[in-house]
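Participant: Take a look at the following structure, please.
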C-alpha cells in the first residue's frame, strides 16, 4: 500500500480516530480467531484449505477453483458416464434377469457404489490435493495408495483413447454418400461377405419373416457373426436350414469393415505379431490427443468449459436415438427382453458379481479422478448433494441407454428372423458392428451414423479428460515444479501416451488393447480402493472423517454412511475380488488363446500398481527415525496433527511448550502428544 505525502503525517483528531479504529479491528479479529481455535479443536476450523470456502490449499497456498459449480458437476458426470453405460449395462441387465437385475444393482449401488463415490469426493474437497499428496496427508504410511491410483489411471490412458480413435475413424468414414460398412465390393471384403439387403430390412414384418431360405440363411449367418469381433476370416460349416441342407456362415459387411478395414486383423496371428502401424488409426489417435491437450493444458479453466459440450451432447443424441428406436418395428419386443423380470436369475452369485462390478467400474472410484476434481471445489461446497446427484444421473443414464440399445436390437431381431439372444452382445462389437449395421438401414443413415459416432467420441473424451487430470493433478501437487510448467508436462505426457498407443494402432493392436483392458484396471483398482476404505475407516477414523465432512457442509454423515464405510464397502470390494480370483481364467478372445507370457505380462502390469502400496509403506518405515512403534505411531498420524503439534494447537505436556518442531515431532512419535478429542457429532 503506497503512502501519500510525507512519511510522518501531522497529528490530527482524524488520524487518531483511524488509529484507534484499526487497533480495535485488529483486537476483535484476534479474539475471534482465538475463540474459533479454542472451540473448534484440531478437527474444526476452515480445514486444511486455510480459508473458509476460499480457494486456498493446505498451509494457505492459493488453489484454483471451478469457475462455476456446474463445471464441476458436468466434469464428474462426463467422467462417470462413459462408453460402458452404453455397451455394457444394457447387456448385463438383459443377461441377468431383465428388470430383476435392477434389484442386485440397486443394492450394490447403495451399500458400495455411492458410499465409495461420496468418500472420494469428500476426501478431495477437504484435503484439496491430488491423490499422492492427499493420501500422504491422511495416513502417511499409506501414501502408496496415491501412487497406485495414479499409476492405474496412467495405464488406462494408454489404451482407452484408442476406443475414441475408433469412433473418430468411423465418424470420418460417415462423410460419404454410401456408408462403407453396407457393401461388400470393397478391397477388404471376402467372398463370404454379404451386404444387408435394404429391401429385406426395410420391408414389413411379414416380408422379413417370410424371406426365402437363402436369404434367411444369409441373415442367420450374418447375425451370428455379429457376436464375433475379431475373427479375421469367416469359416464354412455345416449349418442346417432343413434336415440335410448345408449352408455357409456368411459375414456381415459391418463386421468385415470393423475387423478387416479398421483393425486389419487378417494380417495378424496374435499379440506376438503386431504387424505394421495403420497410419489412418495413428492419425485419429493423434487427433484425439490434440483435443485432449488443448482441453487440459490450462487446467480446469479450459476443461470446465469443454465439458459443457462433451458431457451434454451425448444426452441430446440419446434422446434422439430413443425416439427413433421406439418407433422401429420390433422395438417393443427388444424392450420386453430388456426389462422382462426373471427373479430366479438373481439367486445366482454371478448375477450379484456382475451388478457389483458394473456399479464399481461405472462410478469410477479408484482412478483418483473424483478426488482430483473435488480438490478444486470451494471448501464449503455441498459435496453430499453432489455425490447423490451425479451418481443418480450416472445410473439413470445406464438404464435409459438400455431402451436405446434394445429397441434397435429388437428391430434387428425382427428383420433377420433370429431370436434376440442371437443378436444381443456387448463391448466394441455392439457399438462398432451391430448398431452401425442397424442404423445403416434407416432412412437418413448418414445423419444417424454421424450423431451416433459423435456421441461415442464425446462419451469417451470427457472420461479421458478425467483420467489425465487425475495424473496431472496428483503429480503437480506432489512435485510443484511440474505444476509450474503444466503445459510442458501435459505435452510430454500425451506424447508418451501417443507413442505407446501406436502399438494398439497396429494390425494386431486389438490383441494388445484387449490385454491392457483386462489387466490394467481390474483387480488392481479393487485392491487400491479396498486399502482406501481400510485407511479411512480403521486408521484415520470414521469419526474424524465425519467431523471433516461436518466442517465442510455443516452436518455429519449419519449411521448409514458410517456403517457402509466401515463394514459394507470393504465387504463389497472383497466379494468382487474373491469371486473374481476364484473364477479367473487365462486371457482369450474368441478363438484366440493368449500365450502364457502375455498373461504374465498382464499380471505384472496389475501388480505393479498395487505394489506401490506396500512398497511406499516399507520405504517410509525404513527412512523414518525411531523405534518401530514410534515410526508406526508417527506414520499413522494425519499430517494435520503433525502441523498442529508444531503450531501448538495439539495437546502437549506442559514441559513441551516452547520446544522446537523436531522435539515436538519426537514427543508425538513417543505418544507423549495426544490429539485433542474432536467435538461430538
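Including glycine, each Cβ sits where the backbone N, Cα and C put it.
TrEMBL does not curate its annotations; it predicts them automatically.
Per TrEMBL, the feature region 'Disordered' maps to 39-62. The compositional bias 'Gly residues' annotation in TrEMBL covers 44-59. Annotation comment: TrEMBL describes 72-90, 102-123, 135-156, 281-300, 306-330, 351-376, 388-411, 488-513, 519-542, 563-582, 602-623 as transmembrane segment. Per TrEMBL, Na(+) binding site is recorded for 78, 80, 81, 85, 362, 394, 459, 462, 463. For 184-193, the entry in TrEMBL reads disulfide bond.
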Participant: Which sequence positions outside the transmembrane segment (72-90), separated from its termini by at least 6 residues, show Cβ-Cβ distances below 8 Å to it?
Facilitator: 66, 121, 163, 300, 303-304, 307-308, 310-312, 314, 338, 358, 361-364, 369-370, 373-374, 376-377, 381, 386, 389-391, 393-394, 397-399, 401-402, 404-406, 426-428, 430-431, 456, 459-460, 462-463, 465-467
Participant: Do the transmembrane segment (602-623) and the transmembrane segment (519-542) come together with 3 or more C-beta pairs under 8 Å, pairs six or more apart in sequence?
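Facilitator: Taking Cβ pairs at least 6 residues apart, the transmembrane segment (519-542) and the transmembrane segment (602-623) are in contact, with 3 or more under 8 Å.
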Participant: Using the centroid of the Cβ atoms of 78, 80, 81, 85, 362, 394, 459, 462, 463 as reference, list every other same-chain residue with Cβ within 8 Å of it (recorded Na(+) site), in sequence order.
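Facilitator: Neighbours within 8 Å of the Cβ centroid, excluding 78, 80, 81, 85, 362, 394, 459, 462, 463: 77, 79, 82, 84, 364, 397.
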Participant: Count the CB pairs under 8 A between the transmembrane segment (388-411) and each of 306-330, 351-376, 488-513, 519-542, 563-582, then give me the winner.
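Facilitator: By the under-8 Å Cβ criterion, the transmembrane segment (388-411) pairs most with 306-330.
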Participant: Top stretch among 306-330, 488-513, 519-542 for CB pairs under 8 A with the transmembrane segment (281-300)?
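Facilitator: Counting Cβ pairs under 8 Å, the winner is 488-513.
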Participant: Run the contact check on the transmembrane segment (563-582) against the transmembrane segment (102-123): 3 or more C-beta pairs under 8 Å, excluding pairs closer than 6 in sequence.
Facilitator: yes
Participant: Fewest other C-beta atoms within 10 angstroms of its own C-beta: which of the recorded positions 81, 184, 193, 459 fits that?
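Facilitator: Among the recorded positions 81, 184, 193, 459, the sparsest Cβ neighbourhood within 10 Å belongs to 184.
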Participant: For the transmembrane segment (351-376), give me same-chain residues lying six or more residues beyond its boundaries with a C-beta closer than 8 angstroms to one of its C-beta atoms, as numbers and ranges.
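Facilitator: For the transmembrane segment (351-376), the list is 63-66, 72, 75-76, 79-80, 82, 84-85, 88-89, 92, 95-97, 101, 104-105, 107-109, 112-114, 116-117, 119-125, 127-131, 134, 146, 149-150, 152-153, 156, 300, 345, 383, 391, 394-395, 398, 466-467, 469-471, 473-474, 477, 521, 525-526, 528-529, 532, 572-573, 575-576, 579-580.
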Participant: Fewest other CB within 10 angstroms, which one of the binding-site residues 78, 362, 463?
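Facilitator: Sparsest of the binding-site residues 78, 362, 463 by Cβ contacts within 10 Å: 362.
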Participant: CA-CA, which of the binding-site residues 78, 81, 362, 459, 463 lies nearest residue 184 (disulfide bond)?
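Facilitator: Nearest in space to residue 184 (disulfide bond), counting only the binding-site residues, is 459.
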Participant: Rounded to the nearest Å, what's the C-alpha distance separating residue 459 (Na(+) binding site) and residue 193 (disulfide bond)? Just drop the number here, would you?
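Facilitator: Residue 459 (Na(+) binding site) to residue 193 (disulfide bond), Cα-Cα distance: 31 Å.
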Participant: What's the CA to CA span in angstrom from residue 78 (Na(+) binding site) over to residue 193 (disulfide bond)?
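Facilitator: So the Cα of residue 193 (disulfide bond) lies 38 Å away from that of residue 78 (Na(+) binding site).
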Participant: Does the structure show the transmembrane segment (102-123) and the transmembrane segment (519-542) touching, where I'm treating 3 or more Cβ pairs under 8 angstroms (sequence separation 6 or more) as a contact?
Facilitator: yes
